[in-house]
Amino acid sequence: MTLPTAFYTPLISESSVFSPREEGVYSNVAMRGRHADAYSMYKRGTRDYINAYDKEQGSVRSLNGVSKEIGNPSWKRSFLYILVASLASLLYGYHLGVINETLQSISNDLHFNGNTMAEGLVVSICLGGGFLGSTFSGLIVDRVGFRRAFQLCALPMIIGSSMSATAKNLWGMLLGRLFVGTGMGLGPTLAALYVTEVSPAYVRGTYGSFTQIATSLGLMSSLLIGFPAKGTEGWWRICFWVSAVPAALLALFMQFSPESPHWLFKKGRAADAEAAFEKLLGGPYVKGAMAELLKSERGGEAETVKLSELLFGHHRKVVFIGSTLFALQQLSGINAVFFFSSTVFKSAGVSSQSANICVGIANFLGSFAALLLMDKLGRKVLLIGSFSGMVVAMGLQAASASSLVSSSNEVYLSVGGMLLLNA
């Protein structure tokens, strides 16, 4: 790994803190540009190097190298790349909801209508594929980087969508859904990490909300596109073909998107990381951003965490809190709403089309509120408000099933609780 010229040039000036011998060494490295030599020198003298840089650039205070003199980097530079990464979340939301309106037509055409076990498998097998994809997502990113990992995420979605759209029997549909699920497991994890690593710090929370908004838009799109499925023969096949388009766009546009500077730096490609930062933030912010990477690298080496320490060591509280938050979200029954809301509303005597539109709108409005409030209120306040709303929503659902509520009000409480749960 070679240290960018912008780093060591100021350090070998008249005000250099290095000895003449060290100055000569750094000058030779700058002239040769050899990755291995520069990296080994950084390993031996990281503390002195960073202290010298901080003394020279005392205003550095964030990953983006933001200083009081030059302000924040433009959010426009990274905006398009955030949108491209959010396509993975849009696909995730689309495939969550695509089965909602089309399940009845699929079961009729593939001859398993009335077989609740088969219907349940068509719905849930993509979650099994998602488990496989998410299990190996970290390993894939570490090996090939984010750009290639996104393309690997898009590939099974294209294949799975095509297989589902052309399925002639139950097994063909199950295999297609399994492929799609693998991509679904990769996508949200990749999108969340990539957005975090390429976003300017002052809009990171806002950009992080884009993935949830994309999921909501994907869900709404699948419900809207699926409406004609019950009245148009073979329309459900169109619904699956449609999902191959954004997957292909994700694979294509990622070819022109920058790699994560963090991943490049960890792979010893500091010059490439510098170029990525320049593309994402702009030239004036590159030196500060790279200095922060140097500091984080030093901190990462100082503390290596083993898997056993995550489960039983002093990190276990953080792991427990994070895992519990995700578990509570799933235990709320939100996935059942995405998959079976049409059936639930129909049994309650409510038009499934109108109700599903309301579900999509409620989900989108909740995500949009998070977009506006994330960087203002902070994550903790939004989490407390979100889970408080879930408690109220589940309370309404429970009250609608009690004998204390009249039959005329039962529907309103049940539907209201479901909409609040989505928000």
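Cβ coordinates come from backbone N, Cα and C, glycine included.
Taken from TrEMBL, the feature transmembrane segment covers 78-97 (among others). Beyond the ends of the transmembrane segment (78-97), by six or more residues, the same chain brings 126, 150, 153-154, 157, 180-181, 183-184, 186-188, 190-191, 194-195, 198-200, 207, 210-223, 226, 243, 246-247, 249-250, 253-254, 257-258, 280-281, 335, 338-339, 360 to within a C-beta distance below 8 angstroms of the stretch.
The domain 'Major facilitator superfamily (MFS) profile' feature in TrEMBL is assigned to 81-423.
According to TrEMBL, the feature transmembrane segment maps to 117-141 (among others).
Long-range contacts of the transmembrane segment (173-195) within the same chain: residues 82, 85-86, 88-89, 91-92, 95-96, 106, 110, 121-122, 125-135, 137-138, 140-141, 146, 149-150, 152-157, 159-165, 167, 204, 207-208, 210-211, 214-215, 240, 243, 247, 260, each at least 6 residues beyond the stretch ends and with a Cβ under 8 Å from a Cβ of the stretch. Under the heading transmembrane segment, TrEMBL lists 173-195 (among others).
Look at TrEMBL and you will find 207-229 (among others) tagged as transmembrane segment.
Among residues of the same chain six or more beyond the transmembrane segment (235-256), those with a C-beta under 8 A of the stretch's C-beta atoms are 84, 87-88, 90-91, 94-95, 98, 101-102, 105-106, 109, 147, 150-151, 153-155, 157-158, 161-162, 164-166, 176, 180, 183, 222, 225-226, 228-229. Annotated transmembrane segment per TrEMBL: 235-256 (among others), in sequence order.
TrEMBL lists 318-341 (among others) with the feature transmembrane segment.
The transmembrane segment feature in TrEMBL is assigned to 353-374 (among others).
Sequence annotations record features per position, and here TrEMBL assigns transmembrane segment to 381-399 (among others).
Mean model confidence of the domain 'Major facilitator superfamily (MFS) profile' (81-423) amounts to 84 (pLDDT, 0 to 100 scale).
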